[in-house]
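The feature domain 'Nicotinate phosphoribosyltransferase N-terminal' is assigned by TrEMBL to 1-68. Per TrEMBL, domain 'Nicotinate phosphoribosyltransferase C-terminal' is recorded for 345-444. Residues or ranges marked as region 'Disordered' by TrEMBL: 420-444.
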Amino acid sequence: DVAYLRSVLPSTTDDAFFEYLATLDASEVTVTAIPEGSVVFPRVPFLQVKGPLLVVQLLETTLLCLVNYASLVATNAARFRLLAGPDVKLLEMGLRRAQGPDGALSASKYSYIGGFDGTSNILAGKLYGIPVRGTIAHSFIMSFRCLEEVQPRELPPRAGGDPVDLAGLAVSWLQRVCDLLQTPPGKANQGELAAFVSYAVTFPCDFQGLLDTYCVKRSGLPNFCAVALALHQLGYQAIGVRLDSGDLAKQSKEIRAVFRACGAHFQVPWFGTIPIAVSNDISEQSLEEFRREGSEIDMIGIGTNLVTCPLQPSLGCVYKLVEVNGSPCLKLTEDEEKMTIPGVKAVYRLYDAAGHPFMDLMALEEEPLPSAGQELGIRVLGRLEESAKVTPSTVEPLHRTYFRDGQVCEPLPSLPEVRTHAQASLSRLSPAHRRLHEPQPYPV
């Protein structure tokens, strides 16, 4: 590394500089941070690095690279979770649209922290233990033309016994389903039925259907119901369907009505509760429309609008010098938001009597620790000419020391622990601060 730097830096660079680089270590660096998964507000320093100036300056780009995209994706995922509500399952499926394989892996990891339930990225499941989920592809269904292509086609009953021709059983059920739905059996695509049967023979305990390859009402839905009922006759239970086009909310309600009708008519109680999943360029606006129109959607797969963060493609975290050799540093600029706040700071979160955080307080490190019930004189960023007084019911110091003397000195949480902490942090916010449209500004 030093040899490479010699080749690209000016030839007049002092040899002592390269000799110094060869001896670099992190033993004099201390890092304090707000715990991963915490809600952090603008202008609050969530990471603080102390050490020799050259060493801490060399860390700038790496640290910002590590936290910017991670925080952005986790925040974006949290917004989707807040819009979807606690009961709908959210699946990250953005691998094909992400900014390269590393971006995709990061998106899988940090969308899980933000509140998603699983990922279609198998490598993320292997590396991080994130639950992996997937569905049938249109290409799988389109690769079949007729039932004669299904091999094998026999399936033994779940309770044991002689194998049964599942394809023949599904054909007989298709006639009964079409009679109930008053749709011609001839309109159901035979290649689609073959694909469903082939999948069901291979995964009888995990059968699912993608309904919109040809026509949901005339083909996908009756074909799925026929195979699902044939499986039920053999003791198995289908696990769900997916829609990938059209008016998803409206179709989900129509599909639910058909499931309930089949369940009642054929005396299969669980049939009416088969989970319905949707995908197709889902955005925040899509989730708002689902809520406004009402739907029967149980699971949502989100890709492009999750991993590329189109509403805000980058997060502007910055790394600024605030003190050198005990002397505070201040960057002056005409743009008040870009002015730095000098001095080494301690950060506290102030809670009201209802348990909601209502303000983050920055104080100089040497100032006395604020306490619950104590009246505090404060100035709010953006309104520095005004002074005010607040009395918190609870005070929480936010910074913890994670690295000192060359060693990690705080146990690092597992990914599920970070995810749990993130959801708890969000839940403690008051509804006025948590709403996504015109939220009440959170004072710092």
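Cβ atoms here come from the backbone N, Cα and C positions, even for glycine.
Quick caveat, the model's predicted, so the values are computed rather than measured.
Packing against the region 'Disordered' (420-444) from elsewhere in the chain are residues 35-39, 41-44, 74, 78-79, 81-83, 113-115, 284, 354-362, 380-381, 413: each is 6 or more residues past its ends and has a CB under 8 Å from a CB in it. Residue counts for the region 'Disordered' (420-444) by DSSP state, with H, G and I taken as helix and E and B as strand, are 13 helix, 0 strand, 12 coil.
Mean pLDDT of the predicted structure over the domain 'Nicotinate phosphoribosyltransferase C-terminal' (345-444): 95. In terms of DSSP secondary structure, the domain 'Nicotinate phosphoribosyltransferase N-terminal' (1-68) contains 29 helix, 8 strand, 31 coil.
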